[in-house]
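Heads up, the thing below is written out as structure tokens.
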Amino acid sequence: MASAADAPRSHPRNPTPLQRLGTLGPKRLLQFLEPFNDQLSVNIVSRKRKPLPQELVEVDIESLTHEGRGLAHIDGKAVFIDGALPGERVRFRYRRIQRRHDEGVAVEVLRASPDRVEPKCPHFGICGGCSLQHMSPEAQIRAKQSSLEDVFTRIGKVSPQRWLEPLTGNHWGYRRKARLGVRYVAKKGKTLVGFRERGNSFLADLSRCEVLHPRVGERIEAIAETIDALSIRDQVPQIEVAIGDDPCVLIFRIMAPLSTPDLSVLMSFAEREDFHVYVQEGGVETIRPLPGQGIDLHYTLPFHHVRLEFLPSDFTQVNLELNRHMIDQALDLLQVRPEDRVLDLFCGLGNFTLPLARRADFVVGVEGDDGLVSRAESNAEQNGIANLRFHSADLYGQLTQQPWMEERFDKVLLDPPRSGALEVLDMLPRMGIERILYVSCYPATLARDADRLVNELGYELVAAGVMDMFPHTGHVESMALFERKG
């Protein structure tokens, strides 16, 4: 779930790179680092930066980067240009000079691409929450598919036997989970709520957001005005949004205690705008609802007759519609039979586990976050599903003593965080796994893991495709099916 305001958390489901590196041998270390080589490049610059060129420069845009920026070359040096599309000729202004590449922003389009459209959001180009609103949805999908093809070829040295049709849904108002920055700006005399500006750390001055669920996206100004009315308005750094099927929770991160008048302001706001307001004074364990504001959040998977409850701080997919499509496709590709035993690694709340159990003989779900495991067990009980079992285990640590490691399974579903699933791949052939369904939120690590599965562990890449979980951004979610050769 990825925007500029959504910083990753360090817990067993999503360990830091340093935590991961400490567990790897030399060969695995090289494999692990390959998808991140570009990020690990060190740019050696002097303490005194060279002044940026002031004149506008004309260039032809050759292609689109994986982040959704136009790529051009000037005297052989790559320039990444925000707001430019392949095939266009633009005038751009330099924004950053680096050793290996430069960065800029398009200020005038001299020759437009047929894929260019008018952005819906008035803040597009300033706000960093979206990067592709100027590109038609169809072209966005083609670009994401091309990005997946590129990393499979370049990093994975593999190609699927067939490409899946992209999974798409509503392009607007889809986002039900988000972390919004908050800042009181004295010079403007008001509080800003939203995402960071593109290319810097300042918050964009937003009146609305077109990709957030309308319950929040249409109330940005009301939220900001409420914070303005607090005595601690400069002590509220962020708001976390969590929406299930219906109720909407806002978690206000506060760095100072609420006064009685502050509490009254938030309670009135919650009642007026139909929000459930929580506050967070420290770590995740300090999150609590205001008096009378507690609510049981849930989302449903109607096709599978499943209802999943979650806490506002829990990891859930941001796009409920795409999540439902994703689960349907995953189960269809796995071809789960009534006699199958299925292993679900990185299972979270049971998003895939419970639907799998509706079809399989038995399912084992494994997750590194103890709280998610507890809620997954509760969800199974509330749904009357007994043919499953959950285990809490750090899937990036030592697994040899785990009881489920001694069991045999027919199929496995992998849904790892951005850093991928490299550490668990070697055990899959030993467990008798014939079919692997891999759900990925970062194509480069999927490609790296595909290389391991296909070129070293005896599987073949049968099918792959993209899912538009985050329309109007460069974020690519994908799915791949592997089968044991022979």
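Yeah, the Cβs are placed from backbone N, Cα and C, and that goes for glycine too.
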Q317, F346, N351, E367, D394 show up in TrEMBL as binding S-adenosyl-L-methionine; which entry in D328, D332, D410, D415 does that record put in the same site?
D415
Need the matching range: TrEMBL marks region 'Disordered' on one of 1-22, 23-44, 111-132, and I'd like to know which.
1-22
Non-site residues, in chain order, whose CB comes within 8 A of the mean position of the CB atoms of C121, C127, C130, C209 at [4Fe-4S] cluster:
H123, F124, G129, Q133, G194, F195, A204, L206, E210, V211, H472
If H, G and I count as helix, E and B as strand, and all else as coil, what does DSSP give for C127 ([4Fe-4S] cluster binding site)?
strand
About how far apart, in whole Å, are the alpha carbons (Cα) of C441 (active site, nucleophile) and F346 (S-adenosyl-L-methionine binding site)?
13
C127 ([4Fe-4S] cluster binding site) and Q317 (S-adenosyl-L-methionine binding site), distance between Cα atoms, whole Å:
22
Restricting to the chain of C209 ([4Fe-4S] cluster binding site) and a gap of 6 or more, list residues whose Cβ falls under 8 Å of its Cβ, or answer none.
C121, H123, C127, G129, G194, F195, V216, G217, I220
Drop a 10 Å sphere on every Cβ of the binding-site residues E367, D394, D415 and tell me which sphere holds the fewest other Cβ atoms.
D394
Starting from the Cβ of C441 (active site, nucleophile), draw a 10 Å sphere and report how many other Cβ atoms land inside it.
22
Rounded to a whole number, what is the top Cα to Cα distance in Å among the residues the record ties to S-adenosyl-L-methionine, namely Q317, F346, N351, E367, D394, D415?
21
